[in-house]
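Student: So TrEMBL lists the following for this protein:
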DOMAIN    A:100-291  domain 'ABC transmembrane type-1'
TRANSMEM  A:39-61  transmembrane segment
TRANSMEM  A:102-127  transmembrane segment
TRANSMEM  A:139-159  transmembrane segment
TRANSMEM  A:165-182  transmembrane segment
TRANSMEM  A:213-234  transmembrane segment
TRANSMEM  A:270-291  transmembrane segment
Amino acid sequence: MANPNLAGNTSGSLDVHGINTSRDTMLGIMARKFFKNKLAVFGGVFLIVIITAAILAPVIAPYSPSKQNLLLKLQPPNSEHWLGTDRFGRDVFSRLLYGARISLLVGFASVLGSITIGTFLGAVAGYVGGIVDAMIMRFVDVILSIPSIFLLITLVTIFKPGVDKLILIFALLGWTTTARLVRGEFLSLRTREFVLASKTIGTKTMTIIFSHILPNAMGPIIVSATLAVGYVILAESGLSYLGLGIQPPHASWGNMLQDAQNFTILLKSWWYPLAPGLMILMTVICFNFVGDGLRDALDPKINE
Amino acid sequence: MTALLELKNLKTYFKRKKTVIPAVDGVDLVINKGETVALVGESGSGKSITSLSIMKLIPSPPGEIVDGQIHFEGRDLVKLSEEEMCKIRGNDISMIFQEPMTSLNPVLTIGEQIIEVLTYHQGLNQSAAKLKAIEMLELVGFSRAKEIINDYPHRLSGGMRQRVMIAMAMSCNPKLLIADEPTTALDVTIQAQILDLMKDLSKRFDTSILIITHDLGVVSEVADRVVVMYAGQVVEEALVEDLFENPLHPYTNGLMGSIPSIDEDHSRLVSIEGNVPSPENLPSGCRFAPRCPNAFDRCFSELPELSRKFGNRSVRCFLHDGKEGQR
């Protein structure tokens, strides 16, 4: 039965957030906990704005991101160019919007890939155990023992850098931590009684792994995914900053920064590097805020 | 009566690096159609391993059924493949557990969990399975079955969850229900409700029940026949009235003696001296000999056989040797 005290408390706070439900569903409780965390809500709103802006970039952007106008180079912010122009006279605001597309696409797509691989291998390793587990985890150890930034640089120089290749490389290198996390979750979940109970009703192994145990491990997986998106965006910016990421004239936040790394620009046209720098900073921080909020919301041990 | 399930000399051993642990060591057990059999014994006597062996859910490695047969409706379960067992589990034999708080998946609704059994074994579609699930929930005593079906387990109390487990276990009309200490985690009033429900359903569906317990009160309430286990072996088997009236094995006697009574005024609770021997180094003779008040020389050197006595009783004890065939 629902605890009457709990039900009493919740109806009040539900009204505040405009969620109209009389029943305490799992999702309702999680949403309520998430919305109580102000930083997480701020992060979430910011990310939604950024993502919408990135999707709508062709509509919103006042100029083409690669249209040069050398007469108007390095203009400070003004009514025509809201964030000024770069050293080829391109509109910084437009480039920022198109850059967001690339940065977010690389972030989301590669994390989707790495989470899928990591979850699958981690789940199998944790549930099956024994020699399968040992082999998968030693493979993880091998990948983790290679310093990732150098491997990234090497791979990027071998294969010509491009959005698709960056996504692939990040996905193929990023799954190891997820695999470890998921394996750990499965090791403890597989001994729970409901797993034995579902075996006694004749459920097949794959169904037990993916539709009975996996939903129980979703909390940590979602959290690590949000944190990983922030990390990948940062790593992509780092690579682009080194000139190994997205190649000009395509805009990404990283290569906009690289473009601005010139002493005179830094000294005189401070607004130019500030814009992409601030975007990277804010996006990564907001992903971390959302990740923190989700972790608290998904952990049943943390009370409202 | 015809036998539904028959265990013959079942041996389930656990292998650790060098030692072999005989958790179940030559168990013979018969369950007839429509009968309720209680499997009684202390912790570590092999009751639960026996039941998991029937389901073939022994964690392997390290566990393994090394010998014996499990005849179920003319088939030997020991020889069946995992795939064939999946069809039997939940459909012909189902199981409920001690901890109703943890044996339901916390992230799936009650409905989803019952519907899964029905769609898998009965080939029902979603909507038919949902109707059947509601019907089952009503059968186990939920008046608000239509609402409960959309609830998550955390909204239900222990007794309610155990009833959900029973609804799930009974949803495919199994021929055998194995209940592993189904009432241990519940308080006494709820215990009675759950036991009544199980009795009622077994009559209605003609389901045999193997109830595993260490609570002799539960045994007297539901069982037709009792099998007492000690250190991986059956030590006594009798109809429930006979057993309570005249326990033959000293161990059964000890179990009866340790039930606290409200009439007598003991300052301490009566218990059987000593502990269950560790299965790694079992005594060479009778396994109960070191704790037995009636043990004599022969008990320490020879292992007694489980022998048939008068009526339908069997006992594994030298004290009753030579009384075979008595009526």
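Cβ coordinates are placed from backbone N, Cα and C, and glycine is handled just like the others.
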Student: State, in range form, which of A:102-127, A:139-159, A:165-182 has the highest count of Cβ pairs under 8 Å to the transmembrane segment (A:270-291).
Tutor: A:102-127
Student: Using a Cβ distance cut-off of under 8 Å, indicate which of A:39-61, A:139-159, A:165-182, A:213-234 has the most pairs with the transmembrane segment (A:102-127).
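Tutor: Comparing A:39-61, A:139-159, A:165-182, A:213-234: A:165-182 has the most Cβ pairs near the transmembrane segment (A:102-127).
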Student: Let me spell it out: take the transmembrane segment (A:39-61), skip the flanking residues so only those 6+ beyond its ends count, and list any with a Cβ under 8 Å from a Cβ in it.
Tutor: 91, 93-94, 97-98, 100-101, 104, 279, 282-283, 285-290, 292-294, 296-297
Student: What residues in the same chain, six or more past the boundaries of the transmembrane segment (A:139-159), come closer than 8 Å to it by Cβ-Cβ distance?
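Tutor: That would be 121, 165-166, 169, 173, 176-177, 179-180, 235, 238-239, 242, 244-245.
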